[in-house]
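Each remark here refers to the structure printed beneath this line.
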Amino acid sequence: MKQLTILGSTGSIGNSTLGVVRANPELFKITALVAGRNVHQMAQQCLEFAPRYAAMSDETSAKALRLILAENGSRTEVYSGEKAACELAAIDDVDQVMAAIVGVAGLPSTLAAIRAGKQVLLANKESLITCGKLFMDEVMHSRAQLLPIDSEHNAIFQSLPEKVQSQLGYSSLSDNGVSRIILTGSGGPLRETPLVQFADVTPDQACAHPNWSMGRKISVDSATMMNKGLEYIEARWLFNASAEQVEVILHPQSVIHSMVRYHDGSVLAQMGTPDMRTPIAHAMAYPMRVNSGVAPLDFCKIRELTFAEPDYQRYPCLKLAIDASNAGQAATTALNAANEISVMAFLDSRIRFTDIAVINRMVVEQLSLPEPASVDEVLVIDRKARDAAVQAIAKLNN
């Protein structure tokens, strides 16, 4: 039985992970749960899965959780803060760590799991977007095993040769017969919305994804295709791919989750019902296959599979991300930070949908920063970019 720590247990990925545990109680045991401030949901999770440890992001939330658990006779030990999250990511008894805390906030605990040599199920994009080289160097040094959770990267992983899977981030794609990785994206809920209407798009419209059930921030990223841009950056680090070896195409049905093209002309594609429990179950049980709780794909109900090139006028954030990837990690870190600020401002109705790309571009072009050589330097770039984004939003609103 595998012992599991979930970083970000109350989020979308965390809940899907618990769904896989629920479907396979004889295979997985929750040792620790880590979350932000959602005390009510964390209490429910602790009472159902009875972890030994739990941690909240602040002491106020931790106190509230302790009170609820004590009233219900739970023996779960509750801690708080970033240090606690890092310690729970590195517990000796834990086999796997689901790294699903969104944003740069998830970086320290994800690195703690890597340094402890754990099998890390990577759902935190920012680990590679902001610290790609540093992160992969830590993986090699600690001999931790990295398994991608994003549906696209997991699909690519499943379609790659075993040698590349076992040497993730360092194996040569070309030497193993791979010519190109093809990332698919649905195009989001605004794929057919006239461009003239983009300025009036509401947060609810941007979050109404046609295929996937996701959190609001990542739903907006899907609408702008920034999510695909960040996945492009992540894919280059995960699979040791050059810019020429990664391609992004639109696939509105979200049935093919990504593809790998080989030198001999073959293309291997991973397909399935769009449900995050599938890649999560694959990574949790790897190299075995277990019940994910997801309904099997019914090919007779699939009317068509269509593909198209992305339009950068419709998706300027995708182009920004590709350009940032070519520029380096200072640029990708700045872009990611600016995007987090601009998306939150949009969700709070403080800026228009079209302002997201404008702010992101302003920040990346404004900041000329050296390449980071440490995590601390990454965090400095992140902070400067966030400050610049806040200032850019203020200017737009004046």
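Glycine is treated like the rest: Cβ placed from N, Cα and C.
Note that the coordinates shown come from a computational prediction; the quantities given were computed from them, not determined experimentally.
Copied over from Swiss-Prot:
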type: BINDING; residues: Thr10, Gly11, Ser12, Ile13, Gly36, Arg37, Asn38, Asn124, Glu126, Gly215; note: NADPH binding site
type: BINDING; residues: Lys125, Ser151, Glu152, Ser186, His209, Ser222, Asn227, Lys228, Glu231; note: 1-deoxy-D-xylulose 5-phosphate binding site
type: BINDING; residues: Asp150, Glu152, Glu231; note: Mn(2+) binding site
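Feature map: annotations from Swiss-Prot on the structure.
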residue : record                                      : DSSP class
Thr10   : NADPH binding site                          : coil
Gly36   : NADPH binding site                          : coil
Lys125  : 1-deoxy-D-xylulose 5-phosphate binding site : coil
Asp150  : Mn(2+) binding site                         : coil
Asn227  : 1-deoxy-D-xylulose 5-phosphate binding site : helix
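Across the fold, the C-alpha of Ser12 (NADPH binding site) and the C-alpha of Lys125 (1-deoxy-D-xylulose 5-phosphate binding site) stand 14 Å from each other. Taking a C-beta cut-off of under 8 Å and a sequence gap of six or more, Gly36 (NADPH binding site) has these contacts in its own chain: Gly8, Thr10, Met56, Ser57, Ser61, Ile101. Residues Lys125, Pro148, Ser151, His153, Asn154, Ile156, Leu183, Asn227, Lys228, Glu234, Ala235, Ser258 surround the recorded Mn(2+) site, their Cβ atoms falling within 8 Å of the Cβ centroid of Asp150, Glu152, Glu231, which are themselves excluded. Cα separation, Asp150 (Mn(2+) binding site) to Lys125 (1-deoxy-D-xylulose 5-phosphate binding site), rounded: 8 Å. For Glu152 (1-deoxy-D-xylulose 5-phosphate binding site), the same-chain residues lying six or more positions away in sequence with a CB closer than 8 A to its CB are Leu183, Thr184, Gly185, Glu231, Ala235, His257, Ser258. Sequence-distant contacts (6 or more apart, same chain, Cβ under 8 Å) of Lys125 (1-deoxy-D-xylulose 5-phosphate binding site) comprise Asp150, Leu230, Glu231, Glu234, Asn336.
Ranking the binding-site residues Ser12, Asn227 by the number of CB atoms within 10 A of their own CB puts Asn227 at the top. Neighbour density for Glu126 (NADPH binding site): within 10 A of its CB lie 26 other CB atoms from the protein chains shown. Neighbour counts of Cβ atoms within 10 Å were compared across the binding-site residues Asp150, Glu231; the minimum falls on Asp150.
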